[in-house]
Amino acid sequence: MSMLCYTLIITLLIGIWAAPKSEDNVPLGSPATSDLSVTSCTKTHEALKTSRNTDQHYPAPKKEEDQEFGSAANIIVDPKLFQKRRFQSPRVLFSTQPPPLSRDEQSVDDANSLNRNIRAKREDHPVHNRGEYSVCDSVNVWVANKTTATDIRGNVVTVMVDVNINNNVYKQYFFETKCRNPNPVPTGCRGIDARHWNSYCTTTNTFVKALTMEGNQASWRFIRIDTACVCVISRKNENFG
């Protein structure tokens, strides 16, 4: 009886030892592990390939300058911004066509200009009578492509060149005055007594309200532009004997 029990126990142990092992306990290098490795590598390769194909569908990120320019070109401005008189400046004009430089030229049509009262002010320049001369010679010009300027705080800001209003593109013009020549006469400013005074002509600036970019929105800011040509004089050193 005891021998029969021992025989059954040994047979049972041999059967358990000969049973196939699970994949979790398979040693490295066995066929099961190789199949898992190949499958894993194949999935990884397909994932990388899919990632590359996905990247090709999306363009590379744009530069900061390109993003700023693109956003500035696509911004639509609310017409209500132009209804407040405190934002209007006689030297800033929004128009679909170049404005005239003098009253002798053809006026800008009211339908093509947002600043209708500004055009009239620009035409009221004083006309000198014959025999009258300016101390300095100046030149007036409409600046149409001003992209940057210095604001009243001394910071460089982005100026909106084109403005989209009700699906109409208006250009922002600045009426600037500059000196034609720092020395209109050999001695400096015209009409200054060169025996006692040194003189020269220089361009001066003032601040006007202009439409600028602040992030992705349009905003009014005071910016500096050239507005006059003045004479600067200084007394000459006199030797007293």
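Using N, Cα and C of the backbone, Cβ positions are placed for all residues, glycine too.
Noted in Swiss-Prot for the protein shown:
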type	residues	note
COMPBIAS	47-65	compositional bias 'Basic and acidic residues'
DISULFID	Cys136-Cys201	disulfide bond
DISULFID	Cys179-Cys229	disulfide bond
DISULFID	Cys189-Cys231	disulfide bond
CARBOHYD	Asn145	N-linked glycosylation site
REGION	47-69	region 'Disordered'
SIGNAL	1-18	signal peptide
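Mapped onto this structure are the features recorded in Swiss-Prot.
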residue: Cys136; record: disulfide bond; DSSP (3 states): coil
residue: Asn145; record: N-linked glycosylation site; DSSP (3 states): coil
residue: Cys179; record: disulfide bond; DSSP (3 states): strand
residue: Cys189; record: disulfide bond; DSSP (3 states): coil
residue: Cys201; record: disulfide bond; DSSP (3 states): strand
residue: Cys229; record: disulfide bond; DSSP (3 states): strand
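With a cut-off of 8 Å between CB atoms and residues at least 6 apart in sequence, the same chain places Val161 near Asn145 (N-linked glycosylation site), listed in sequence order. Sequence-distant contacts of Cys201 (disulfide bond), defined by Cβ-Cβ distance under 8 angstroms and a gap of at least six in the same chain, are Val135, Cys136, Asp137, Cys179, Asn181, Pro182, Asn183, Pro184, Gly188, Cys189, Cys229, Val230, Cys231, Val232.
The Cβ neighbour count for Cys229 (disulfide bond), using a 10 Å radius and every protein chain shown, is 22.
Cβ crowding, taken as the number of other Cβ atoms within 10 Å, peaks at Cys136 among the disulfide-bonded residues Cys136, Cys179. Shown are the disulfide-bonded residues Cys189, Cys231; of these, the residue with the fewest other Cβ atoms within 10 Å is Cys231.
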